[in-house]
């Protein structure tokens with residue numbers, strides 16, 4: 001497919017998850033409705049990952065595409081219908097007999113993902129070493145956590161130009177080259193094994209003999225004995241704590257087999273979240289999730305959340321923006337040359353700020369313009385003017401004066417306070 005055809009095919013899946021309830025806003029959100037170019041809900045401004053959207057097939061397609069044309073093709077299968085690669089995630093079902101008074105019942109636990117190892121006991125041990133709230137048991141908080149991290153750590157728009165908004169043919173080509181490069185140089189999947197199983201593959205680690213020190217004359221006599229008792233000492237690359245014998249460890253091939261991690265320590269060096277499904281990106285001695293690896297390579301638009309492949313973009317408030325996406329977060333009007341106010345790290349135009357976000361003056365009960373001076377005490381604000389910041393009893397101007405605040409009112413003296421009580 002040529003570039004022009006690819007560009008024409010691009011578009012965001014606006015019907016996907018439509019109407020799904022927001023897990024964060026609850027009934028305050030009318031249901032998920034994807035913004036035209038932002039990756040958020042138009043109704044509540046939360047991301048799709050915060051909504052109860054059924055995305056298992058879509059996520060499996062996304063990860064399958066990530067592994068396409070890599071050494072990890074064993075983790076994908078192509079659908080016969082359309083040839084699209086699908087992620088063959090390992091689902092683990094454990095059955096535990098539960099003794100009852102009269103008979104024995106079976107308690108079944110399903111993990112929506114588990115490390116693809118033949119030894120189920122090892123996989124189970126791996127899961128038990130994760131925080132309980134992050135264990136991907138079907139229907140649990142941990143399963144929701146995994147779903148959220150899949151969306152956050154591995155955005156589809158970081159690897160698939162068709163998931164981006166209005167890329168030019170030149171930008172499509174640059175993105176494809178970028179994806180090809182990180183697949184060959186950084187992408188990896190962790191491997192769960194017992195540390196001693198890797199001795200044959202990895203370089204020799206430090207050996208600590210049972211004896212402490214010996215004289216040269218005694219070395220020969222002690223050599224055989226120390227060889228029998230010496231043990232390999234392993235430590236976690238992240239927390240530097242020692243690994244317990246018999247506990248599973250995670251290896252990252254790109255990092256080298258002289259490094260290993262506790263299951264709970266295999267995290268992104270930027271966001272410090274568990275690397276979802278052990279999918280990592282390795283760069284300069286650090287582990288990254290997909291999102292933060294890409295952030296270390298390319299600027300990301302704070303408006304649409306996509307990587308910027310254009311040479312022309314703007315920087316404002318320590319963030320990067322496509323020129324067309326430096327817009328008001330409320331009304332989407334372009335802010336170039338306009339007055340704006342940052343609200344929760346999002347730029348808002350002056351009219352929208354006054355309408356939706358401005359604090360109300362306790363004196364005149366009107367919104368306080370963002371460019372106007374104000375007086376603030378606790379959660380109350382006043383225009384810093386002789387008409388608004390007055391004693392609630394005698395109307396004396398309190399600018400530059402001591403005052404006594406009482407539940408949204410201010411007084412110039414104890415006497416005035418008593419008169420109003």
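Our numbering is plain: 1 for the first residue shown, then up by one each step along the chain.
Glycine too: its Cβ is placed from the backbone N, Cα and C atoms.
A quick note: this is a predicted structure, and the numbers were derived from the prediction, not measured.
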Per Swiss-Prot record, range annotated region 'Disordered' [choices 133-164, 165-196, 197-228, 229-260]: 133-164
Range from 234-297, 299-359, 362-421 with the greatest count of C-beta pairs under 8 A to the domain 'PET' (92-199): 234-297
Overall pLDDT of the domain 'LIM zinc-binding 2' (299-359), taken as the mean: 94
